[in-house]
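Asker: Got these off TrEMBL a minute ago, pasting:
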REPEAT    9-43  repeat 'PPR'
REPEAT    44-79  repeat 'PPR'
REPEAT    80-114  repeat 'PPR'
REPEAT    115-149  repeat 'PPR'
REPEAT    150-184  repeat 'PPR'
REPEAT    185-219  repeat 'PPR'
REPEAT    220-245  repeat 'PPR'
Amino acid sequence: MDLLRCYPTVYSLTILINCLCRSKHVDFAVSILGKMFKLGIQPDVITFTTLLNGLCMEGKIKEAVVHVFKKMEQHGCKPDVVTYSTIIDSLCKDRLVNDAMEFLSEMVDRGIAPNVVTYSSIVHGFCNSGQLNEAARLFKDMVGRDVMPDTVTFTILVDGLCKDGMVSEARCVIDAMPEKGVEPNVYTYNALMDGYCLRREMNEAKKVFEIMVRNGCAPDVHSYNILINGYCKSRRMDEAKFTPC
């Protein structure tokens with residue numbers, strides 16, 4: 001590049017880091033960050049967040065926080081909502097929900113407003129950890145801060161409630177969705193159907209299927225598999241055979 005009098009910029013090196021992360025050469029991407037400092041090129045928030053995301057995708061959350069997030073602050077680059085959401089999502093996937101909550105508190109204290117993606121990640125983390133009360137509390141806190149849940153957030157909560165045997169509560173969540181201007185999708189309905197099937201309440205599962213179709217939401221292969229599997233486990237083989245596909 002020097003011979004051609006073409007010098008790297010923060011933009012071009014960020015693209016390179018992104019390509020390296022996508023091709024799973026994250027360690028090489030980290031070394032590019034080090035070279036940027038040596039060249040006197042100041043990485044921006046996009047550079048740091050891209051590298052953070054690459055490390056998190058590889059399951060290297062500790063390296064992401066220690067080697068990238070802390071360096072980011074040392075070099076005077078302020079993290080944004082995407083930066084925090086990336087770390088929070090990775091922590092939740094590793095079931096480190098308490099750590100994720102600490103980052104949530106930190107970003108709020110710094111005046112960075114969490115968005116629906118941030119909250120959805122932590123709600124999912126609480127649900128996966130069996131902490132349904134905490135998930136519900138955070139859901140209410142989210143609404144209280146005027147961050148409106150989307151279909152993904154509602155579906156996460158419905159799925160968590162169903163897996164914990166709280167199908168009636170999950171049904172109430174779905175019934176409340178239209179009031180919030182959010183429509184259930186096939187994943188939301190599938191989660192509720194599966195919840196009823198796990199309790200062998202096949203008549204209720206069939207009703208959910210019919211409501212889904214009536215509301216113009218097309219069932220997918222999982223919808224049919226959930227019903228057929230439920231009928232089989234309930235020893236209602238004739239109904240399993242005649243479930244339309």
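Every residue gets a Cβ built from N, Cα and C, even glycine.
Owing to the predicted nature of the structure, the values given are computational and were not obtained by experimental measurement.
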Asker: Going by DSSP, how much of the repeat 'PPR' (115-149) is helix, how much is strand and how much is coil, in residues?
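Answerer: Helix (H, G, I), strand (E, B), coil: 26 helix, 0 strand, 9 coil.
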Asker: For the repeat 'PPR' (185-219), give me same-chain residues lying six or more residues beyond its boundaries with a C-beta closer than 8 angstroms to one of its C-beta atoms, as numbers and ranges.
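Answerer: For the repeat 'PPR' (185-219), the sequence-distant neighbours (Cβ-Cβ under 8 Å, at least 6 residues beyond its ends) are 151, 154-155, 158-159, 161-163, 165, 167, 170-171, 174, 177, 226-227, 229-231, 233-234, 236, 239.
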